[in-house]
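These notes are about the structure you will find just below.
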Amino acid sequence: MASWTSPWWVLIGMVFMHSPLPQTTAEKSPGAYFLPEFALSPQGSFLEDTTGEQFLTYRYDDQTSRNTRSDEDKDGNWDAWGDWSDCSRTCGGGASYSLRRCLTGRNCEGQNIRYKTCSNHDCPPDAEDFRAQQCSAYNDVQYQGHYYEWLPRYNDPAAPCALKCHAQGQNLVVELAPKVLDGTRCNTDSLDMCISGICQAVGCDRQLGSNAKEDNCGVCAGDGSTCRLVRGQSKSHVSPEKREENVIAVPLGSRSVRITVKGPAHLFIESKTLQGSKGEHSFNSPGVFLVENTTVEFQRGSERQTFKIPGPLMADFIFKTRYTAAKDSVVQFFFYQPISHQWRQTDFFPCTVTCGGGYQLNSAECVDIRLKRVVPDHYCHYYPENVKPKPKLKECSMDPCPSSDGFKEIMPYDHFQPLPRWEHNPWTACSVSCGGGIQRRSFVCVEESMHGEILQVEEWKCMYAPKPKVMQTCNLFDCPKWIAMEWSQCTVTCGRGLRYRVVLCINHRGEHVGGCNPQLKLHIKEECVIPIPCYKPKEKSPVEAKLPWLKQAQELEETRIATEEPTFIPEPWSACSTTCGPGVQVREVKCRVLLTFTQTETELPEEECEGPKLPTERPCLLEACDESPASRELDIPLPEDSETTYDWEYAGFTPCTATCVGGHQEAIAVCLHIQTQQTVNDSLCDMVHRPPAMSQACNTEPCPPRWHVGSWGPCSATCGVGIQTRDVYCLHPGETPAPPEECRDEKPHALQACNQFDCPPGWHIEEWQQCSRTCGGGTQNRRVTCRQLLTDGSFLNLSDELCQGPKASSHKSCARTDCPPHLAVGDWSKCSVSCGVGIQRRKQVCQRLAAKGRRIPLSEMMCRDLPGLPLVRSCQMPECSKIKSEMKTKLGEQGPQILSVQRVYIQTREEKRINLTIGSRAYLLPNTSVIIKCPVRRFQKSLIQWEKDGRCLQNSKRLGITKSGSLKIHGLAAPDIGVYRCIAGSAQETVVLKLIGTDNRLIARPALREPMREYPGMDHSEANSLGVTWHKMRQMWNNKNDLYLDDDHISNQPFLRALLGHCSNSAGSTNSWELKNKQFEAAVKQGAYSMDTAQFDELIRNMSQLMETGEVSDDLASQLIYQLVAELAKAQPTHMQWRGIQEETPPAAQLRGETGSVSQSSHAKNSGKLTFKPKGPVLMRQSQPPSISFNKTINSRIGNTVYITKRTEVINILCDLITPSEATYTWTKDGTLLQPSVKIILDGTGKIQIQNPTRKEQGIYECSVANHLGSDVESSSVLYAEAPVILSVERNITKPEHNHLSVVVGGIVEAALGANVTIRCPVKGVPQPNITWLKRGGSLSGNVSLLFNGSLLLQNVSLENEGTYVCIATNALGKAVATSVLHLLERRWPESRIVFLQGHKKYILQATNTRTNSNDPTGEPPPQEPFWEPGNWSHCSATCGHLGARIQRPQCVMANGQEVSEALCDHLQKPLAGFEPCNIRDCPARWFTSVWSQCSVSCGEGYHSRQVTCKRTKANGTVQVVSPRACAPKDRPLGRKPCFGHPCVQWEPGNRCPGRCMGRAVRMQQRHTACQHNSSDSNCDDRKRPTLRRNCTSGACDVCWHTGPWKPCTAACGRGFQSRKVDCIHTRSCKPVAKRHCVQKKKPISWRHCLGPSCDRDCTDTTHYCMFVKHLNLCSLDRYKQRCCQSCQEG
């Protein structure tokens, strides 16, 4: 087959072949070869003349490129299909073709070309449209003599595959070519593409001829199961009070969204992206908009708004309505919402075996479609349409297993082996105690081994079976709730009263418990109304028989209002003075006038009102009082001519004496006034004519059954809330029982609450939990808490100190029996080979768990009956041949490598020259010459480059780079301190050089003039910790008595042998130990010592052992270990670490002793590219030593520490980039995002300003900068500066029996001669104060040294160490001083000797527990007498910190060692107990609390508070405050609790100074006091009674009356009055206040009389506005008629 020409040639050919332009213009165009796309049709293709679709075929499923014959060719005349051509496009979907030729000429049936799609991935956003590229190819070709900028013409239905373009800015459309290039889309809204000028169908799967279409969910050829249709409508409830309302939330990924609102409400969108950014989008005009990368079409009509979004949504859209008019709106919504969690099948898990036949499983995992991450399965169970696929199982590794060294591969699985299974743990406790909660359980996948062992395996092995249920509901019963008992009877028998009920907290079993919400408690009291009037409305006589004046009706009087003329205005009538019979009503009548100018009424004297005054009293009768019919018959009519004024009359009956079974009532006679019928005194009536006594029977009906109640029983509780019960029966009058329904009255309560007051705090003890073990010593725990039962039944948890009595034990031992013997195995060893098949071994021991929890090894015979465990198993490593080939391939592909050596090098003697290898960390002496080698692979050594602290190094007099790539430095000095980097292509390694000065401290590197680049993890202002350590080590090595190492004693010093130890495992041979001794000896002779990190770890461990044995003092050993670990455990940078680009080498890798390994840059390993230059933004770091500035404005760069002083007003922290670029800055404080405030000002460009900082502003401020290339972060500490404070303890300490004594400075210390004494000087201050020690009257001795924490160590003290030691702590803010006095005593224990006599023999008891007879020459053994000897050491008193100690108490024993009663040794002097510190190490962080403060108030309700901080107690005794995140949040104690005092003595309420004003700005304030004793006031001392009144200053009393101008006279002529406004105002603000504030001052008059012109004067107009009065028809009013007399008369 002929080879095809390059794409640009083909494109040029097509342009000239199909262009209608003249050939003369072709020479001006060099061709469109710049286009990345090209035509498919080959040169001279026979398809040029065939445009019919019948000549085309496509096989989109055939992706092969092999030259083979097609199986579909039946006639066999076709040759094999050729290779696929290059794709016509590089992105966006193109076409590729394949050709075949007919072997017999043109007699073959079928097509000779086929097509397929290719490059189906989307083009980048900035790529130009393919059709536009083809049009722009003609921009350099003249058309009709002119050049045009051609733009594509899309969606031509007549010729979709013709290249039609229109000239920009012209109304000119031209078909520039009959065919577009293959792969061009036919239309912009479909995937169909043009091939050879014909539009061919393309499905959503991007395949030719495919009919696949996207379903409603956007899934190609999907079934619509990944989304659900959401449709409906809702009514928008917006109003002037509720301006906005959420209508519907449409989540990210939704499609075919259509939201329509019908009505006046305005519809808008609130968006929220996955990154958390929010936005509001409102549109007023229709159009197509882009919202969060989502196309939104907005349509608007008069009463309709519609949003159409094809989707998918790129953010969450919340559609809201906003109020515009008072009319309801209806919102209709329709969209397809994606199912946010779907199942996805996983890949097959690894085969269960490597050979011999196994199986593989896969599973299904639930995936969050939005976040694209795996989530728990229950998220997918929420959707019913989500059906979890079943796991698939298939065989694997069917090849037979090879044999190796006689061991055959053990097949863990066979057809008879049970498959792995799920096993679950017990259910957890329910999440809630009632109301329905959940409980969970965990499960593991286990399998049974060939030996019957149940082993836990990976979860995927059990995926073939459904997982057990991990969650279930529990405690479904109702929670306790308030239940109200029946209401009591009303407290009154008539009218309005109260009734009560008992409200209890009842659980689902009907028991009275606590736990109900007090705020939801039902009310226990309410008002009640008895529908029986408190009088009996029974008429004494018919209405017709009453006198006329008794038949009065309520007159409807005309309501009077004040007018411009003074008028009598009545007040409302009062109630009738009686409820029955005649009474009186009264009212007030006042003279009032209406002031027109203020429209207010004012009161006038009565003489100002004309006319009669209205009545102020009138009689009333609500109804007649009760009387019997008989009384009316006894009425004696009065003669008409009688002059009698008073007479007797019956006024009803007394109440009936019984309510049933017959009672009686007496008639009541009263003396009445005949005319007024008012009751008067009986003495006014003639006693002779008093009516006779009369009685009548009443309530004669039989009595109904009634409720009978018994007495209340005892209360069920003494406090909190108890219950009392009583018997309630329904009984007939004869005490016979009756059914309860026959008792018509309300049943009395049979239950009531009692003792409703809070109980005192008490211990609440719960049940013991299950023992932690069944044997071998376990523990049982229970909760013991201090609780208080409240009146509502709930419990209040209190602190333990509030409960009286001892607290019960919360734990106890259990299962104190020995466990039976059992077999225990260790861990499997490493595989014996690195490739192929090997073996693993493990050890097995027989042991027993004793009752006290110790594991006791036993003889193997004790476990002989137990089934043995497998001790050997095979292991399969990768095939050796495969590893070798991979290594070769890997080594061949790798770039340069640097062969670094991770070692620590310490120089002890002066040497002229030292050789180092890259990767080391060296501590050298000044003036030493050093050569640093940089061995490399696959790199030319002469091209090696060197850097120091990030700057390139060049050859100089003192520094040079050899041809082999080594670095030479002559005569090391302070400027040479730093980090040196060897760069070999993409590989980098470093070496750290530091210098040890003559004072055995590290020499500080001089400050650089120019800002230098810092490397994370490097502390260039590092303290002289190693110098202190090295000083001690040189003292140890130069001490001739202990540690001196000369040529003869190097191999004989046990201390050095113990220090060096074995750096290999315990299986190392003696030869290796001797070799290391020789290496060590040689190193010391050479004046230096080099060790790898594993050796250094061994050194630390052995030094700890020497400390325990006493060969090295505790303080010295602790100091050395701490300093060496702190110095050498630092992370050593192996390459330039740009944040966000490369990973940091973990420090653990530097402490594993990986010597001689090939090291390479981690970034080079990851990418294999030269990327040590930063790509993303890099912050400028200019490290400065911490210092305090007393300026008002402090400017600092990020990464430095800033101190706040009392003078500080503004702090500016700059966060600049090394290379300015666009980036986003984010600031946080203590991990919390900073927001702008009054004190915090963020400018968004990398600067933060803190104004008027206080202690609240101190913290860690972190600046984070990011852009699309990467990010960087740095932080600064802002601290509040404090002067030093020494936490001294003024107490005397006498410990002559201790070998090691540690005290806090302050007081007097008495120690034994030869002891080691540590005087600690704990100090607080910011910045950390410097500590120095002095001795008064002399200098510090040679055995005195300063420890790293500021403590003073005195070793092997002697008499010359006695004296006063002064600790001085200083920082920039001040100085603090504390002293301790040291006295030395003789040692008491254990060198004490006890002498006792028995008979004529003297015995001496020494600390060695041997007794000698001083007077017996025969050597006769002493009598078997008891004696004192040291006992066992006690447990350490603390698990960490600096206060741990253990005690060795003496015990009385016999000669055979048997312990006896101490009473047998009373005649002997008892030795003092031994004492030594223990567990001196850092404690984990925990919560510390201060003591509770006093109540915040002296009376009433307040609170106690305390400080809660997270601290860590360190081994040196100091307490370090750490971040609260270091402590467990759930264990955080309360910082506040309520407290209640006696009621407060309060000044009466009101303003700040209430009461009556006593003068200018002075008031009288008073309060009430009461004696708090329960009995009476006599128990209080009157002399101490608080004052009841006081004068107080009140601005409210600084007032005065203010008068306004007089208004015109109210009378147009004659006599009238005029008024003015009188206000009470504040003298300072001149604002009106309440008039009661001015009552102490005389009020000016507000009105006065006035006289107008004479009323009989001429009729003239007295105002200029009379013309308007006439036109407005106001002449009918007297006021205007008088003032406009002339005008009104003319009308």
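Quick reminder: no glycine exception, Cβ is built from N, Cα and C everywhere.
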Exercise for review: State the disulphide partner of CYS118 as given in Swiss-Prot, choosing from CYS87, CYS91, CYS161.
Suggested key: CYS87
Exercise for review: Disulfide-wise, see what Swiss-Prot says CYS591 is paired with, picking from CYS609, CYS620, CYS625.
Suggested key: CYS609
Practice item. For the disulfide involving CYS91, grab the partner from CYS123, CYS135, CYS161 as Swiss-Prot records it. Key: CYS123
Check your understanding: CA-CA, which of the glycosylation sites ASN293, ASN797, ASN1292, ASN1330, ASN1516 lies nearest ASN1191 (N-linked glycosylation site)?
Key -> ASN1330
Check your understanding: Which of the glycosylation sites ASN915, ASN1292, ASN1330, ASN1516 has its Cα closest in space to the Cα of ASN681 (N-linked glycosylation site)?
Key -> ASN1292
Revision key, fill the gap. ASN1516 (N-linked glycosylation site) and ASN1292 (N-linked glycosylation site), compared by Cα position, are separated in whole Å by 21
Review point. Between ASN293 (N-linked glycosylation site) and ASN1343 (N-linked glycosylation site), what C-alpha distance do you get in Å?
Key: 77
Revision key, fill the gap. All chains considered, the count of other Cβ atoms within 10 Å of the Cβ of ASN1292 (N-linked glycosylation site) is 11
Practice item. To the nearest whole angstrom, state the Cα distance for the pair ASN1330 (N-linked glycosylation site) and ASN1343 (N-linked glycosylation site). Key: 22
Study note, to complete from the structure: Cβ neighbour count (10 Å, all chains) around ASN1343 (N-linked glycosylation site) is 14
Exercise for review: Sort out for me which one of ASN915, ASN1191, ASN1516 has the most neighbouring CB atoms within 10 A, since those are the glycosylation sites we care about.
Suggested key: ASN1516
Point to revise | Other CB atoms within 10 A, centred on ASN797 (N-linked glycosylation site) | key: 12
Review point. How big is the gap, in Å, between the Cα of ASN915 (N-linked glycosylation site) and that of ASN797 (N-linked glycosylation site), rounded to a whole number?
Key: 70
Point to revise | For the domain 'TSP type-1 6' (763-818), the mean pLDDT of the predicted model | key: 87
Point to revise | Three-state composition of the domain 'Ig-like C2-type 3' (1296-1378), taking helix and strand from DSSP | key: 3 helix, 46 strand, 34 coil
Practice item. Using DSSP, break the domain 'TSP type-1 6' (763-818) down into helix, strand and coil residues and give each count. Key: 3 helix, 21 strand, 32 coil
Practice item. Round to the nearest Å and give the CA-to-CA distance linking ASN1316 (N-linked glycosylation site) with ASN1343 (N-linked glycosylation site). Key: 10
Point to revise | Most Cβ neighbours inside 10 Å, all chains, among the glycosylation sites ASN293, ASN1316 | key: ASN1316
Revision key, fill the gap. Here the glycosylation sites are ASN681, ASN1330; the one whose Cβ sees the most other Cβ atoms within 10 Å is ASN1330
